[in-house]
Amino acid sequence: MNGKSSVLDSAPEYVDKKKYFWILSTFWPATPMIGIWLANETGWGIFYGLVLAVWYGVLPLLDAMFGEDFNNPPEEVVEKLEKERYYRVLTYLTVPMHYAALIVSAWWVGTQSMSWFEIVALALSLGIVNGLALNTGHELGHKKEAFDRWMAKIVLAVVGYGHFFIEHNKGHHRDVATPMDPATSRMGENIYKFSTREIPGAFRRAWGLEEQRLSRRGQSVWSFDNEILQPMVITVVLYTLLLAFFGPKMLVFLPIQMAFGWWQLTSANYIEHYGLLREKMADGRYEHQKPHHSWNSNHIVSNLVLFHLQRHSDHHAHPTRSYQSLRDFPGLPALPTGYPGAFLMAMIPQWFRSVMDPKVVNWANGDLSKIQIEDSMRAEYIKKFTHNVGADDKRGATAVAS
């Protein structure tokens with residue numbers, strides 16, 4: 001027996017108390033179908049908006065009730081935990097769940113008599129869960145195995161965001177918490193303005209990265225080896241079939257659910273690194289990203305439906321680490337609630353800023369020069385925050401203004 005095996009065999013017995021609760025992440029995409037069933041059984045069309053109520057209302061309340069979990073798996077059991085097949089299988093099973101939600105919802109809209117209000121409510125509900133197909137693709141796309149990476153492309157095709165596979169792994173993880181990253185929001189930048197640079201910026205960066213990769217291999221960017229075109233083709237075929245089978249209502253239903261799915265990623269990107277900035281070194285490069293360059297959340301319930309996405313700090317420190325092994329660290333910048341509640345706050349900019357701006361300033365120890373700030377808000381922030389900091393911090397704030 002080699003030394004490595006001995007270490008694994010002698011690892012302390014660890015019990016993941018959440019092990020069988022992770023199945024909530026797998027079944028979360030089925031929620032729109034539950035809404036359809038309830039609407040059909042009761043005759044109340046309001047149930048088509050079930051996911052909206054659960055996501056923006058019920059989950060934040062449950063997060064507040066059940067609180068946070070700061071427990072970590074011991075480092076010596078992480079390798080063994082990573083190899084446990086159960087956790088990976090749950091992510092695989094989530095992929096067909098996303099397809100089922102899309103196809104069943106499209107079938108229902110195409111074959112039933114529904115008001116436009118009901119169609120939009122169901123489209124938005126589907127958009128939330130299929131927006132979180134991006135989360136499933138995120139978990140699978142960081143893996144090294146070819147099967148996992150193809151599963152990521154397949155699930156990203158559900159919501160027509162196949163370029164995320166390239167953009168996130170090769171772009172966002174490289175540039176996060178710097179001015180070069182369109183997926184890092186600035187303090188004072190509202191989510192609506194952020195979306196206008198994040199959505200097109202993400203696609204441009206992904207396309208450029210893939211063009212460079214293929215060029216190095218002597219291939220055209222229009223080659224089918226283009227990993228952006230692969231899921232894009234799946235999306236086109238899938239949506240064309242849905243249109244052919246379920247009729248012209250799909251011309252409204254599919255774009256709405258897709259747009260709201262994209263909005264979920266925009267919301268996540270907006271809150272995950274809001275205002276945070278890596279320090280620029282003497283050679284002009286930015287410091288290596290660290291766990292404190294991401295906003296973290298240990299809220300139990302929302303983490304259980306998001307494959308631990310909210311332990312975002314450790315994810316950026318160890319991108320290939322699976323969800324069940326992600327850790328919390330002392331002193332991390334922390335969101336006041338889980339992602340559903342934070343997404344809701346973000347849609348009301350004054351509310352979000354009133355909660356998060358002081359947190360960002362505290363994160364920077366009052367030095368505004370260490371924060372990414374929206375240009376139009378600089379003067380306001382200098383006036384608002386410099387009276388609470390010392391002379392050294394005021395010099396930092398002055399440096400920001402210059």
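Along the chain as shown, the residues are counted starting at 1.
Each residue, glycine too, has its Cβ placed from N, Cα and C.
The transmembrane segment annotation in Swiss-Prot covers 20-40 (among others) and is backed by sequence analysis.
For 42-62 (among others), the entry in Swiss-Prot reads transmembrane segment.
Listed as Cβ neighbours of the transmembrane segment (89-109) (distance under 8 Å, sequence separation of 6 or more from its ends, same chain) are residues 22-23, 25-27, 29-33, 36, 119, 122-123, 126, 129-130, 133, 136, 139-140, 151, 154-155, 158, 238, 242, 245-246, 249-250, 253-254, 257, 307. Annotated transmembrane segment per Swiss-Prot: 89-109 (among others), in sequence order, evidence recorded as sequence analysis.
What Swiss-Prot records for 114-134 (among others) is transmembrane segment.
The number of other Cβ atoms within 10 Å of the Cβ belonging to HIS172 (Fe cation 1 binding site), over all protein chains shown, comes to 22. Residues or ranges marked as Fe cation 1 binding site in Swiss-Prot (evidence: similarity to another entry): HIS138, HIS142, HIS168, HIS172.
The transmembrane segment feature in Swiss-Prot is assigned to 146-166 (among others); the stated evidence is sequence analysis.
Taken from Swiss-Prot, the feature Fe cation 2 binding site applies to HIS173, HIS312, HIS315, HIS316. Sequence-distant neighbours of HIS312 (Fe cation 2 binding site): residues of the same chain at least 6 apart with a C-beta under 8 Å from its C-beta are GLU272, SER294, TRP295, ASN296, SER297. According to its DSSP assignment, HIS312 (Fe cation 2 binding site) is helical.
Annotated transmembrane segment per Swiss-Prot: 236-256 (among others), in sequence order. Long-range neighbours of the transmembrane segment (236-256) within the same chain, counting only residues 6 or more positions beyond its ends whose Cβ lies under 8 Å from a Cβ of the stretch, are 102-103, 105-107, 109-111, 119-120, 122-124, 127, 157-158, 160.
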Same chain only, sequence gap of 6 or more: which residues have a CB within under 8 Å of the CB of HIS173 (Fe cation 2 binding site)? GLN289, HIS316, PRO319
Other Cβ atoms within 10 Å is the metric here; tell me which of the binding-site residues HIS142, HIS315 scores highest. HIS315
If we count other C-beta atoms within 10 Å, could you say which of the binding-site residues HIS138, HIS168, HIS316 has the fewest? HIS316
Quick one: pull the CA-CA distance for HIS138 (Fe cation 1 binding site) versus HIS315 (Fe cation 2 binding site), whole Å only. 11
